[in-house]
Amino acid sequence: MPFAPDPKEMLARARADLRMGVPVVMDGPAPALILATETLTPERLAFAQTLGPVDLALTGRRAATLKARAYDGDVARVALPNDATLGWVRGLADPADDLRKPMKGPLVTRRDGDASPHRLAVLLIKSAQLLPAALVLSLDDAGGFAQKHGLTRLQAASVAPLLQSLSPLSEVVAARLPIAVSEAGRLHVFRPEDGSEEHYAMEIGKPARNAPVLARLHSACFTGDLMGSLKCDCGPQLHAALAQMGDEGAGVLLYLNQEGRGIGLANKMRAYSLQDQGFDTVEANHRLGFEDDERDFRIGADILKKLGFSSVRLLTNNPAKIAIMEKHGIHVAERVPLQVGKTAHNEAYLSTKATKSGHLF
Ligand SMILES: Nc1nc2c(ncn2[C@@H]2O[C@H](COP(=O)(O)OP(=O)(O)OP(=O)(O)O)[C@@H](O)[C@H]2O)c(=O)[nH]1
Ligand SMILES: [Zn+2]
């Protein structure tokens, strides 16, 4: 059946559905219906409540902020009260008003039954760059339910490994791109097979493939790279890296579309709003239900290898990047520090990165 979508294509479809607010069916040993709380409507909430008991799946991080017991470690299952409104659900999922309304409970969390659909729901929703919180309700007949309501049906057994593994990606096109630092520029576009974000590689000059190349793994930062934000050091780092490659006449800058350390721009702005309430960059991510850093740097190693590189002089202050390159087949011959862009606004941010994320300054 060559026209039928394969599991990774079904996964891409499911992400798009969840972003629009359409529920998804997860088939497997514990079949379940999944709705993303961020895009939930009152009508869909009300209908879900007529179908049986509904759980709100939250990450262990978010549960810790809410002082709710997460019996399953990385995921908590809050039993939705019968009269739960959309406002109540959103209040648990979104920390925006935590300080104004600190008392959200008492929350009853479940410890019986199977948490695996909840865990998968949260992973799936994270991969759609939505707030990591889902409504989950069990289904008897997943196939029949999906067909009746015209919903995307995923198989837990195939989705779980896909969500953990790196989607294969391939180069779509490359073309000459003269830029300010070097007329000998070439931009390569890489596209993952699972319908997620494309990533770019800016090659400067003609770096030798059999020697360490001056390289930068830059994570997208719309606010810093394009708006000139003073809250981070991304824009100056991007331009300093390219300038050094221009000066040396050779280098490769990967522009990885992992905005906000992998949580997406909307969630990064939610984190900024929490930072204005006094939380630091790491605490803000945790309150939202994310880890400090949700990026997958294996993508960077993969692109470097596809371009024919095996050894780099890496422009970074982040030891985690070095460790992941080494683990995935890219030798880091040298770390080249990249310390630019300190402002009065990002002093606290940079010092949090040094103390909590191990950045070298
Ligand atoms: N979630 C979140 N992401 C942020 C914040 N500030 C910047 N970012 C994102 O962080 C990423 C840049 O990561 P950095 O930690 O500055 O740098 P790094 O790439 O880990 O390390 P270096 O190689 O040393 O620059 C970009 O994707 C930014 O969008 C923030 O406060 N919260
Ligand atoms: Zn930035």
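Any Cβ shown, glycine's included, is placed from N, Cα and C.
Caution: TrEMBL annotation is automatic and unverified by curators.
Per TrEMBL, active site, proton acceptor is recorded for D293. Note: D293 (active site, proton acceptor) has non-local neighbours R261, G262, A320, S357, i.e. same-chain residues 6+ apart with C-beta under 8 A of its own C-beta.
Long-range Cβ contacts of R295 (active site, nucleophile) within its own chain (separation 6+, distance under 8 Å): S219, L256, Q258, R261, G262. TrEMBL lists R295 with the feature active site, nucleophile.
Long-range Cβ neighbours of H218 (GTP binding site) (same chain, at least 6 residues apart, Cβ-Cβ under 8 Å): D225, C234, Q237, L238, A241, L253, L254, Y255, L256. Feature annotation from TrEMBL assigns GTP binding site to R216, L217, H218, S219, A220, Q237, E259, G260, R261, T281, T316, K321.
TrEMBL lists C221, C232, C234 with the feature Zn(2+) binding site. For C221 (Zn(2+) binding site), the same-chain residues lying six or more positions away in sequence with a CB closer than 8 A to its CB are S229, C232, C234, G235, E259, G260.
The feature domain 'GTP cyclohydrolase II' is assigned by TrEMBL to 173-337.
Listed in sequence order, the residues of the same chain lying 6 or more apart from R216 (GTP binding site) and placing their CB within less than 8 Å of its CB are Q237, A241, M245, G251, V252, L253, L254, L314, L315, T316, L338.
Of all Cβ atoms in the shown protein chains, 20 besides its own fall within 10 Å of the Cβ of R261 (GTP binding site). Only C232, in sequence order, out of the recorded positions H218, C232, R295 have a CB under 6 Å from ligand 1.
Using a 10 Å Cβ-Cβ cutoff, C232 (Zn(2+) binding site) registers 21 neighbours. With a CB cut-off of under 6 A applied against ligand 2, the recorded positions C221, C232, D293 are reduced to C221, C232. Across the residues annotated as binding GTP (R216, L217, H218, S219, A220, Q237, E259, G260, R261, T281, T316, K321), the widest Cα-Cα separation comes to 23 Å. Close to the recorded Zn(2+) site, the chain also has S219, T223, G224, D225, S229, K231, D233, G235, Q237: residues not among C221, C232, C234 whose Cβ is within 8 Å of the site's Cβ mean position.
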